[in-house]
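Below you'll find the structure, written out as structure tokens, and then a few comments.
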Amino acid sequence: MLCSLFLLLLAVGRVQTTRPCFPGCQCEEETFGLFDSFSLIRVDCSSLGPHIVPVPIPLDTAHLDLSSNRLETVNESVLAGPGYTTLAGLDLSYNLLTSIMPSAFSRLRYLESLDLSHNGLAALPAEIFTSSPLSDINLSHNRLREVSISAFTTHSQGRALHVDLSHNLIHRLLPHPARASLPAPTIQSLNLSWNRFRAVPDLRDLPLRYLSLDGNPLATINPDAFMGLAGLTHLSLASLQGILHLPPHGFRELPGLQVLDLSGNPKLKWAGAEVFSGLGLLQELDLSGSSLVPLPEMLLHHLPALQSVSVGQDVQCRRLVREGAYHRQPGSSPKVVLHCGDTQESAARGPDIL
């Protein structure tokens, strides 16, 4: 794909030149490799007004910026023409879009990155992205209320998909139907922060690795809330707007989790270290900005792989293994401690042995 090749060629070296362009737009050609053997064109037609579309672009355009043009609608005719067939990146952010035609992106067969952030979109048509091999979709800062997971099925052939739905009004996600004609989306990174979820949405069967629910009014985490997400490695539940209650074994469905962010929850209610039961691979835990100080006893016993914990205000704890002054007896285990220190001060506090 063009974007992947573009990143690879950055390591080889590039030369940037200006090319003739449509009046008001800027066209920059970047050449790469030995003897300038490969070139990409970036076209910037931002901040010109709605009259700019449809705009003719060079045949080998890789990225088109149409942001901040007060565009109110996008359809197939706006994104049609010889130069659009090679587009790998399209920026439609900071416009006035309230709706998108289902076939708007149907001719963009190589599109990998799409930015629709900072618009007024209230709904997504079904199968709107199925014609493009998208790997990154930004829909943050819109007015979406209810979204179907099936809307993100793309022509990606199994490639990882990153979706940003943060800062919307979403209160419900519709799961992918079991008997759908199209396969489930390959979403590996999903940002749902600062929406209106009162419960963890049903995301089972998505190949998620990263999930953020920051800033939502979640009231509790049910033991089966993360069912079907065994591959998740990074979970962020920071700055939740409710009084979060963490029951015992609340993360038992996430055996592969490595990073857990619970920061910015001053009213977090604790149910003991059993909350983290089953998180045998967790390495980083962020409890900063919460009332969970001192750390619960037996924390390291439930989190054998834990390497660092953030607590209180600017306090960082790191895992240390103490061998002792003498050789250990056969069969004995080294003493594992959490050594905590203020990140703003050079003087470290004494270790807390758990």
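Positions of Cβ are set from backbone N, Cα and C atoms, glycine also.
The signal peptide annotation in Swiss-Prot covers 1-17. Under the heading domain 'LRRNT', Swiss-Prot lists 18-59. The annotation repeat 'LRR 1' is assigned in Swiss-Prot to 60-81. Residues annotated as N-linked glycosylation site in Swiss-Prot, with sequence analysis given as evidence: Asn75, Asn138, Asn191. The repeat 'LRR 2' annotation in Swiss-Prot covers 86-107. The repeat 'LRR 3' annotation in Swiss-Prot covers 110-131. According to Swiss-Prot, the feature repeat 'LRR 4' maps to 133-154. As annotated by Swiss-Prot, repeat 'LRR 5' applies to 160-180. The repeat 'LRR 6' annotation in Swiss-Prot covers 186-207. Summarising the annotation, Swiss-Prot assigns repeat 'LRR 7' to 208-228. Residues or ranges marked as repeat 'LRR 8' by Swiss-Prot: 231-253. Under the heading repeat 'LRR 9', Swiss-Prot lists 256-277. Residues annotated as repeat 'LRR 10' in Swiss-Prot: 281-302.
Between the CA atoms of Asn75 (N-linked glycosylation site) and Asn138 (N-linked glycosylation site) there is a gap of 18 Å. Least packed by the Cβ count within 10 Å, out of the glycosylation sites Asn75, Asn138, Asn191, is Asn75.
Per-class residue totals from DSSP over the repeat 'LRR 5' (160-180), listed helix then strand then coil: 0 helix, 7 strand, 14 coil. When Cβ-Cβ distances below 8 Å are used as the criterion, the repeat 'LRR 7' (208-228) is approached by residues 160, 166, 187-200, 234-247, 249-254, 261 of the same chain, each at least six residues removed from its ends. Counting in whole angstrom, Asn191 (N-linked glycosylation site) lies 10 from Asn138 (N-linked glycosylation site) by their C-alpha atoms.
Within the repeat 'LRR 7' (208-228), the DSSP-based counts of helix, strand and coil residues read 0 helix, 4 strand, 17 coil.
Listed by sequence, the residues of this chain that lie at least six past the ends of the repeat 'LRR 8' (231-253) yet keep a Cβ under 8 A from its Cβ atoms are 193, 198, 207-225, 259-265, 267-272, 274-279, 286.
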